Amino acid sequence: MAAVTPDEHERQQDGHCRARVNLRPAAARPFGAAARAALKDTLFPDDPFRGLGGMPPARRAWRVARYFVPALDWSAGYSAASFWYDLLAGVTIANLSIPYATLAGIPPVIGLYSCFVPPLVYAVMGSSRNLGVGPVATSSLLVASIVGGKVRASDDQRLYTQLVFTSAFFTGVLQAALGLLRLGILVDFMSRPAITGFMGGTAIVIMLQQLKGFLGMTHFTTKTDIVSVLRYIFHNTHQWQWQSTVLGVCFLIFLVFTEQVRRRRPKLFWVSAMSPLLVVVVGCVFSFLIKGHKHGIPIVGTLKRGINPSSISQLKFQPEYVGVAMKAGFVSGMLALAEGVAVGRSFAAMKNERIDGNKEMVAFGLMNLIGSFTSCYITTGAFSKTAVNYHAGCRTAMSNAVMSVCMALVLVALAPLFRHTPLVALAAIITSSMLGLVKHREIRRLYEVDKADFAVCAAALLGVVFSTMITGLGVAVAISVLRALLHVARPSTSKLGRVSCGSGAGAGAADDDHAFCDVAQYPGAATAPGILVLQVAGSPVCFANAEYLRERIARWVEDEEKAVAGEDLLYVVLDIGGVTAIDSPGIEMLREVHGELERKGMKMAVTNPRMAVAEKLVLSGLAELVGESWMFLSNGDAVAACRYTLQGSKHGGVPPV
């Protein structure tokens with residue numbers, strides 16, 4: 001190394017003293033203040049009530065009311081022009097009231113009831129201006145599979161229907177409680193790949209179930225796995241009715257054709273939206289004229305006229321039934337929440353809007369609670385209705401209220417006219433709506449981008465198709481949770497080097513022109529002799545990963561010592577800016593690392609600890625052990641200080657730090 005003149009040494013000393021401006025950890029906050037801040041960040045990240053303190057009581061109450069009842073917010077500036085858009089959208093999505101009640105094993109009229117009361121509730125309480133609500137296929141079949149394990153609809157239709165109503169009650173309780181307690185984070189454990197696989201598998205299962213209608217069969221297996229369904233179908237060929245098959249294929253071709261028209265010409269969305277109603281009307285007329293029920297075309301049968309009767313007295317809370325009702329309600333409720341919130345957020349993003357997941361949970365919970373009292377079963381945000389609602393130009397949730405009024409008119413005046421509806425027409429409508437739920441392009445993208453996400457998706461899909469819906473969903477969620485735990489238990493660590501990120505590259509470049517990056521990603525990153533910079537990124541340091549991190553740091557040090565044979569490794573800089581929290585085992589791990597490095601004659605420096613981490617380092621005494629002068633704002637400051645100290649130790653007269 002070239003000799004350093006006294007003047008040059010003085011300039012270096014001044015510059016590096018400035019670089020060594022250390023981060024002195026803030027004084028520890030009182031426990032109450034820290035707990036309140038953490039609770040606020042966890043439950044109210046958007047801080048909706050900020051600024052209320054300076055408002056008059058009346059204005060404060062109005063703002064709180066607008067927060068909890070979104071209809072008060074959008075109705076304030078509602079105009080006649082907006083109403084006409086909502087009227088068109090509401091009438092259009094009313095035609096998409098697909099009879100999923102048959103999937104749930106309950107009378108079709110209950111599906112119509114569920115498109116009347118719940119949308120009214122959502123129009124008042126929902127935060128999404130695009131979401132169309134109603135029964136959905138996945139939740140319908142899931143409820144049927146769970147409740148059917150206790151009571152079969154074919155054995156006791158009345159008791160079965162009562163248990164379905166009771167499951168809707170528990171769904172509402174769960175969803176409303178999660179929303180009020182702001183525990184939407186629980187739904188996040190149902191990852192998007194898991195939902196994609198589950199919905200794809202469920203769509204396949206539902207299409208297999210529709211073979212009963214396409215083949216005109218009067219009896220069908222209660223099992224849902226593909227092997228049992230196909231075995232039953234081919235062992236009961238004597239039930240097949242070719243008339244239903246021909247009619248069903250014609251309806252399905254028409255429905256698929258109208259969907260292709262909508263995809264190629266989005267402005268003709270109404271063609272696809274009106275096609276289910278047209279199929280039902282044509283099927284009713286055709287069946288009536290030829291007396292289809294006498295010629296191998298089963299029909300729906302009598303539909304009661306009138307709006308929803310009360311079902312409060314029908315809820316079953318007896319010990320022998322409450323268990324299965326709670327299971328069906330909670331499992332289907334969690335799935336419905338994840339599906340509804342995901343659909344709402346997707347379409348809100350298209351308009352640069354946002355929805356509050358916790359408000360949506362409360363809205364879903366209330367509409368299922370009130371629905372369970374008015375002869376409705378589980379409802380949530382439906383993708384097909386939402387897509388049509390969006391393309392129809394809806395402006396607010398008023399479109400759901402319009403749909404509800406349309407369904408009331410059908411129930412009061414038109415319901416008996418649909419008694420001749422062929423079951424195969426309903427099967428064709430359901431099948432056509434399921435085709436889009438097998439998202440093969442997204443599954444292929446998952447395989448190309450992230451094999452772990454693909455494994456989650458595949459586990460859900462195959463579990464549903466070859467076993468049961470509960471098995472598929474459970475396996476997918478378990479894999480997702482395990483993966484999340486592995487991210488915590490095995491956080492990433494990396495060796496950092498300096499990379500030029502500005503035009504001032506060179507020996508005299510300022511520190512602002514450089515960044516410290518992973519040397520594995522940037523092989524040309526420069527490292528300082530005798531100094532090792534390590535980064536612990538994106539995870540808390542806790543009991544689950546403390547031992548792993550200690551061993552990983554020790555390995556980095558050993559590898560660096562071998563790599564720089566002939567030169568001593570004197571400084572190890574730990575970048576913990578990405579560490580979100582630290583507990584006692586994590587602190588003890590850092591203490592052990594400091595001791596091991598000290599025994600080897602090395603010095604440990606710490607850079608950029610977050611406030612919560614810095615507080616614990618101070619309270620535990622680790623900051624004092626390391627030395628507050630060895631805690632820095634940035635890696636550049638730490639490396640500059642280490643180099644200055646190293647240089648000073650080689651030229652007497654400059655005391656080591």
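Just so it is clear, glycine is given a Cβ too, placed from its N, Cα and C backbone atoms.
As recorded in TrEMBL, the features of this protein are as follows:
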TRANSMEM  64-85  transmembrane segment
TRANSMEM  105-124  transmembrane segment
TRANSMEM  131-148  transmembrane segment
TRANSMEM  160-181  transmembrane segment
TRANSMEM  193-211  transmembrane segment
TRANSMEM  240-257  transmembrane segment
TRANSMEM  269-290  transmembrane segment
TRANSMEM  362-384  transmembrane segment
TRANSMEM  396-414  transmembrane segment
TRANSMEM  421-438  transmembrane segment
TRANSMEM  458-486  transmembrane segment
DOMAIN    539-642  domain 'STAS'
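A Cβ distance under 8 Å defines the sequence-distant neighbours of the transmembrane segment (421-438), meaning residues of its chain 6+ beyond its ends; these are 98-100, 102-103, 108, 137, 199-200, 202-204, 206-207, 210, 212-214, 216, 244-245, 247-248, 251-252, 255-256, 259, 276, 279-280, 283-284, 286-287, 292, 297-300, 383-384. The average pLDDT computed over the domain 'STAS' (539-642) stands at 91. By number of Cβ pairs under 8 Å, the transmembrane segment (64-85) is matched best by 105-124 from the list 105-124, 160-181, 193-211, 269-290. Here the transmembrane segment (269-290) has Cβ contacts under 8 Å with residues 92-93, 95-96, 98, 247, 251, 254-255, 258-259, 261-262, 297, 299, 388, 391-392, 417-418, 420-422, 424-426, 428-429 of the same chain, all six or more residues outside its ends. Of the candidate ranges 105-124, 131-148, 193-211, 105-124 contributes the most Cβ pairs within a distance under 8 Å of the transmembrane segment (362-384). Remote same-chain residues near the transmembrane segment (160-181) are listed as 104-107, 110, 143, 146-148, 150-153, 187, 311, 314-317, 321-322, 324-326, 328-330, 332-334, 336-337, 358-373, 375-378 (criterion: CB distance under 8 Å, separation of at least six residues from the stretch ends).
Applying DSSP to the domain 'STAS' (539-642) sorts its residues as follows: 59 helix, 14 strand, 31 coil. Residues 69-71, 94, 97, 99, 131-135, 144, 147-148, 153, 157, 160-161, 164, 300, 303-304, 307-308, 363-364, 366-368, 370-371, 374-377, 379, 397-398, 400-401, 403-404, 407-408, 410-411, 415, 426 of the same chain, all 6+ positions outside the transmembrane segment (105-124), place their C-beta atoms under 8 angstroms from a C-beta of that stretch.
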